[in-house]
Amino acid sequence: MNRSWMNLVPRPQGSSSLPLRYLNSADALLLLCLAAAAIALGAAVRHMLGPLVAPASMPIHLDMWYLPGYALRTTIRMFAALACSLVFTFVYATLAAKSRRAGQILVPLLDVLQSVPILGFLSFTITFFLGLFPGRILGAECAAIFTIFTSQAWNMALGMYQGLRSVPPELEETARCFGLTSWQKFWRLEVPCTIPSLVWNAMMSMAGGWFMVVYSESITVGSTDITLPGIGSYVGMAIDQQNIGAVAAAIVAMMVVILVYDQVLFRPLAAWATRFRLESVNATQVVEPWFLRLVRRTRLLRMCGNALLSVGRRISYLPLGSRPDTMRVDADESTGGPDWLWWGLLLLVCIGASWQVWDYAHTHYTLGQIAYVFGLGGITLVRVVSMLVLASLIWVPVGIWCGLDPTRARRAQILAQYGAAFPANLFFPVFVVVIVHFRLTPDIWLTPLMILGAQWYILFNVIAGASSFPSNLLEVGRNLEVKGWFWWRRIILPGIAPYYLVGVMAAAGGAWNAAIASEVAQWGETTLTAHGLGAYVAQSTQLGNISNVGLGTVVMCVFVMFTNALVWRPLSDFVARRLKLN
Amino acid sequence: MASGPEKKTFPSGSVLAEARNVSRFYHKDSAADVQVLDNISLTLHAGEIVGLLGRSGSGKSTLLRILAGLLPPSSGEVLWKGQPLHKPTQEIAVVFQSFALFPWMTVEENVALGLDARGVPAAERDKLVDDAIDLIGLGGYENAWPKELSGGMQQRVGLARALVVHPDLLLMDEPFSALDVLTAENLRTDLIELWSEEKLPVQSMLIVTHNIEEAVLMCDRIVIASSNPGRIAHVLHVPFAHPRNREDAEFRQLVDHIYALMTQRAPIVSEADLARRGAPQGAALTRSFRALVPVSITMMIGMMEALAAPPLNGRADLPVLAEKLQLELDDLFPLGESLELLRLAELEDGDILLTNEGVHFVLSDLDERKAIMGHALLHNVPLVRMICTLLDERPTHSIKAERFRSELEDSMSADYARQTLQTIIGWGRFAELFDYDEEGDRFFLEDETSE
């Protein structure tokens, strides 16, 4: 641990209030930045509350000067969604972890929600929110924000739930021993325990979030055209007008946004979160991110930070809630209460739900239609699998090559992480232009789009695996002159398998989701369509055919859940048992 | 520099805590509950340090948690100053084996935890925290994070955190066993010094330990617990004044005496009756098995070879052997017990001696050793015999391990069951009685499957 890290949150020495004349130049600049940010934020938010004007009269300008403003609005949506996800996560995860009964429903529900293709939701949420705020942009904004929310919330809630369930028993006992109330225990013990996984999951969901925000800013559901000013709608307009330069500009703007987001928000957050890690591993030395250093060195910010922390501390020690009671421990263990009533209720709900689904399916779909959609699902499945294989063939060797050398590994890791965070759908038009120009078959050439964003998961997990592969095992291999294919087969591939599997699973999830966005593509008047479930859902959304969207989404869910249960879960069990190092 | 916490008026010898007929069971869904503590009665007085000494499985940590109000007894009651104790109170503080520091709080914040929980005003809080930190020798470390500290320093934080609330009773759960020898000794001496000088703001201390010398070094009274389930076997008074010298003849004598007491054959509670041969499989066999501690075959062989070698010639004083093999008591006892279980050695009055079978084992070559071990396992470990019998009966010569695990769970907790099975697998593999397939979680006979 380096010294500066230790002093990360310095306490005020001596007098707590610093005279203002000691403010340094960084403070002044910062003040300026803050003011500018506030003004921009105000302007952007004001538009959100305005009335919804007809799409024709709310033009998206392709002029580059508008781009920063659009980028800002996209970012605000992102933040709003993150805030919602955070609130949701706290409520949901706490409920699931604290109440046995709630947990019995909420945890499996998360599993299901995670496998639902988020883009399939879009037509429902947009209809819902537009109905909620008729005639206001707010409705459309809410729909967009909700879409981003769905791409983050499940993941984060699951992370927090797991964190809450793995609070070390001896710390829990300490808290009870010193008589912390349930409120104090929640904020001083349970929430800190979950912070590392919460931050990590929030970071991981960002990638999906950017993808969604871009997609949801410009979308047509039946007769409703939604155009929210932002990078996504800018690209949409560029596609309409076949302006490849504007697409490039949007890509650059997005890169800048992601860079800033990462540097200002997540880097410092991730570094800060390491303090809450329970295992006392100090193998990886944390390099203090520049922004955190800035916070530390800038007096004004430091004062604000300290004030905030002490207020937080005081709030967390408010004597709310009940003091611990020995007798409750046993009450929790015993299965008190009328359990049969609870299960009976659940059963009733299940029966009601299945009857409703059956009734709906009966009146809206024919058997042939359902079979047809499953067939389309099969086509998309072939696409997903072939792309995973292709991406693995390329990125596993590259990842290993990078990962075995520390400096290369670090650089490649950063690149891959940015690649994963970047919304791949901004690149789609570039591909489409090529396909249109060379008159390629969309059924084949649209396929790579779905792995465009997801492939990076494979790469950075393989790099992580290769770089953490024990060097003494490599030395044994060299010592015994294990070479060539035998080396790959017996040493490195089993060694990275646990990491690779994590990457492939994430990539598969991403690819399914991207299918809806990638199987249909437009360039001006030209529309390219590949056969598949994604195209089916996308086209039904465009036509406003809600029942077809529902069918497509459910079928996709079924595919995802089946592959989870039949392929990924057994595989990860096997890998965890046999191939996990230590 | 303890500025003297206001001395509470408890005349030395007045009763602080009292456990009356406390028993504790583990709840299990399927079968009978597993008993951890059996009818424990124990009184803690002001002005004394009590040591609770026992092997693993004696439920001493459970008892400590019941006395702290962290766990309720299944039957019986705990009185604190004459009143029934139903929940943790700040008059009783606990120090944990694993330190239990919050990694996201600085040393100062960790120490202040109990005060902040009560909402002690800032000025008073800071004063108390400073006092505790100075008292326990943590001055200068106030702003450090726990991760930066060595184990000894971390446990000092744990101590300061417990002392800052000025508890009447300090409960310590193996407080020094996670520390290296030198650090532990340093901390023990410091603590006793503060106690002798009456600088500790506590009335009484209970130290749970498995280290006999530690108990004799620190305590005024030693309570020895027997295992499975935990009972109080002996209570001894330690008549020496502080500071004590480990090399004193009387000190050594007392240590030897305790070794002897602890190696007295404990009344075996639920030794499995011999597996009824030919009992129909699947029939509800309500026999109970003994939990086995994870002792590797190499450790047992090493111990037997050391015992047989010249200076010892087959018999050794346990403290001497512990020193020679550089083993802790908690490592030595399971080894001795396992050898005793297999009838390769015997424990007697603080000594361990090889049986004829044990001597034979040491003198044999590897194949013979395997045969002897196989014989010993089959005759002395009912579970092994049960596995072998069933494997022989099955045409496939293969059987799921799960069924043995669940059978074990009828008489012990799930953790012990897993551990016991793990130990059996290790021993059985050495003796080549059966093999185990981790992937399929099943036992099988090697020869038969390869044919």
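Glycine is treated like the rest: Cβ placed from N, Cα and C.
What TrEMBL records for this protein:
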- A:79-97: transmembrane segment (TRANSMEM)
- A:109-131: transmembrane segment (TRANSMEM)
- A:137-158: transmembrane segment (TRANSMEM)
- A:244-261: transmembrane segment (TRANSMEM)
- A:340-358: transmembrane segment (TRANSMEM)
- A:370-395: transmembrane segment (TRANSMEM)
- A:415-438: transmembrane segment (TRANSMEM)
- A:445-464: transmembrane segment (TRANSMEM)
- A:549-568: transmembrane segment (TRANSMEM)
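Only residues 6 or more beyond the boundaries of the transmembrane segment (A:79-97), in the same chain, are considered here, and those with a CB under 8 A from a CB of the stretch are 103, 106-107, 110, 145-146, 148-149, 152-153, 156-161, 163-165, 186, 194, 198, 202, 205, 209, 213.
If you look at the transmembrane segment (A:549-568) against the transmembrane segment (A:370-395), you find at least three C-beta pairs under 8 angstroms, all six or more positions apart, and that counts as contact. Counting only same-chain residues 6+ beyond the ends of the transmembrane segment (A:109-131), those with a CB under 8 A from a CB of the stretch are 92, 96, 139-140, 142-143, 146-147, 150-151, 154-155, 157-158, 161, 208, 212, 215-216, 219, 221-222, 224, 226, 509, 512-513, 515-517, 537-538, 540-541, 544, 546, 549, 552-553, 556-557, 560-561, 564.
With a cut-off of 8 Å between Cβ atoms, the residues of this chain six or more beyond the transmembrane segment (A:445-464) that come close are 207, 211, 383-384, 386-388, 390-392, 394-396, 398-400, 402-403, 409, 412-413, 416-417, 419-420, 422-425, 427-428, 431, 435, 496, 499-500, 502-504, 506-511, 514-515, 517-519, 521, 528, 530, 534.
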